[in-house]
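**Q** Supplied in structure tokens, the structure appears directly below.
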């Protein structure tokens, strides 16, 4: 007989063996050998899923039987004994069930079978492999249980850390798809048709030429006429690309920071990138034919006729270019550039043959005698808010600058209303509005000073002895001007006093709001201090406290920086609002003056239309009542109401 390790007699397996009819022992089923009865049989430390026989069909094999079949396959070669019971080294204790490391050590399982055990019974223990989907579900189920078990042992800091990691992972998934909006993107200035570049960058004076062309021409005319090899020597490529990118973005550039050769190379680059020939494809062969005429007179006449057929933009650009190059040739001693050199440089750039260029350069006066290169005056800038820009002193200069700023303002409005989102253009819009307000204010002051000086000169020229009625009639215009100025000053004073009262009320409400916010801040600070004292012990034990503090510090610095930027924007906005209020006051004053003048004119016209009735003794009946002539003088006396006195207003409202 072979040796067999049997369980105690009180175990249920012994009773089942006794009840069995044959003398052979049978292999225990998966229900008899389960992880709950024999915990040392399995390596895994996780509890097996509940096994419910009632809810399973008879043909389906349970999870415990599948696990048992896998384990039994490992020991299949070792089963050479007759008995099919497993002998354990020691009974598993409660400590082994808790620690998986101890359970791994308890692998000493000895299984004994009879050598005559049939292969048919072995097939009963073979398990069909699960489909991949079921395995995937089981793995997910186990992972979820493992996570639940871990979540019970986590601290608060670990929970916060896991929540942040989940949030970072979910962010790209949860972001909704933003619908694509077709934002109009402006094409660059270089490489677009000449007419489009003119429409986008034309200067305020109405000359239909691109801004980059005019600014380069002006710069070379001013600084490049003494530069040797101008247009022949190439500029620094990086500087040229930098200027090109700035003009493509329609940014204002200062060409005085660059060398003449760099600006000349930029001009050649612009002409080279033009998609169409300056003389057009249709007229270019005819210009070539005109060069073959026998006499110079015929050449000039044919060229004049062909130049008139060119589009306006093309004619202006070719005329300005030839006149400018003629100025360069005239300075041949300094520039070392003659007609041949200029033609060699310009011919491949503008795609015009040397024959045509030679005719242009030799007959500049006949072809372009009336062309004058007008210098570009850039609009005034107010880049630094701390300092006031230098405004023109004369009225003519102020009016010219106002026209430039208004043209620029219209261009900016056109671009922004077209759907182009550009923060630099929005800031430039505010800047132009501030400059316009300052210019209009200075223009009014200049007009007032001119009027005052004129009045003072006229008064000084008069002598007190020669004052007569005729002279008083001559000075009636001066008196009317003085009265109009007085009315304007008084109405302006009334508007300013009304604004003062409004601002005082606003300041009082703002002070109350400040006090309320201070009280809220103090209350929040006290709550924070109380909360910190309660959580000091917990925060000292947390491992991720330093990381949270660093993140909070970074967030705080970011918020402080954003707050500073918002304060700067707020100051700019307040200043703009203040300027707009001043402009509104001035408009109100003008409106009131116009209303007063209109009322006075209507009253005067009404008095002139009233005929004298009954020899002027009695006025015509009004509503059946006769009015004497003395009553006629009453509206005249009440025609001009009592004007407010500035000294009395100052006493009433202390500023």
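For all residues, glycine too, the Cβ spot is worked out from N, Cα and C.
Pulled these from Swiss-Prot:
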type: BINDING; residues: 69, 70, 71, 72, 73, 74, 418, 419, 420, 421, 422, 423, 424, 425; note: ATP binding site
type: COMPBIAS; residues: 52-68; note: compositional bias 'Basic and acidic residues'
type: COMPBIAS; residues: 119-155; note: compositional bias 'Basic and acidic residues'
type: COMPBIAS; residues: 624-655; note: compositional bias 'Basic and acidic residues'
type: MOD_RES; residues: 29; note: phosphoserine
type: MOD_RES; residues: 30; note: phosphoserine
type: MOD_RES; residues: 34; note: phosphoserine
type: MOD_RES; residues: 44; note: phosphothreonine
type: MOD_RES; residues: 48; note: phosphoserine
type: MOD_RES; residues: 62; note: phosphoserine
type: MOD_RES; residues: 92; note: phosphoserine
type: MOD_RES; residues: 93; note: phosphoserine
type: MOD_RES; residues: 461; note: phosphoserine
type: MOD_RES; residues: 463; note: phosphoserine
type: MOD_RES; residues: 645; note: phosphoserine
type: REGION; residues: 102-119; note: region 'Nuclear localization signal'
type: SITE; residues: 232; note: site 'Arginine finger'
**Q** Report, in whole Å, the straight Cα-to-Cα distance of residue 232 (site 'Arginine finger') from residue 461 (phosphoserine).
**A** 65
**Q** Provide the number of Cβ atoms within 10 Å of the Cβ of residue 232 (site 'Arginine finger'), excluding the reference atom itself.
**A** 15
**Q** For residue 461 (phosphoserine), list the number of other Cβ atoms lying within 10 Å of its Cβ atom.
**A** 7
**Q** Return one of helix, strand or coil for residue 232 (site 'Arginine finger'), based on DSSP.
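**A** Its secondary structure by DSSP: coil.
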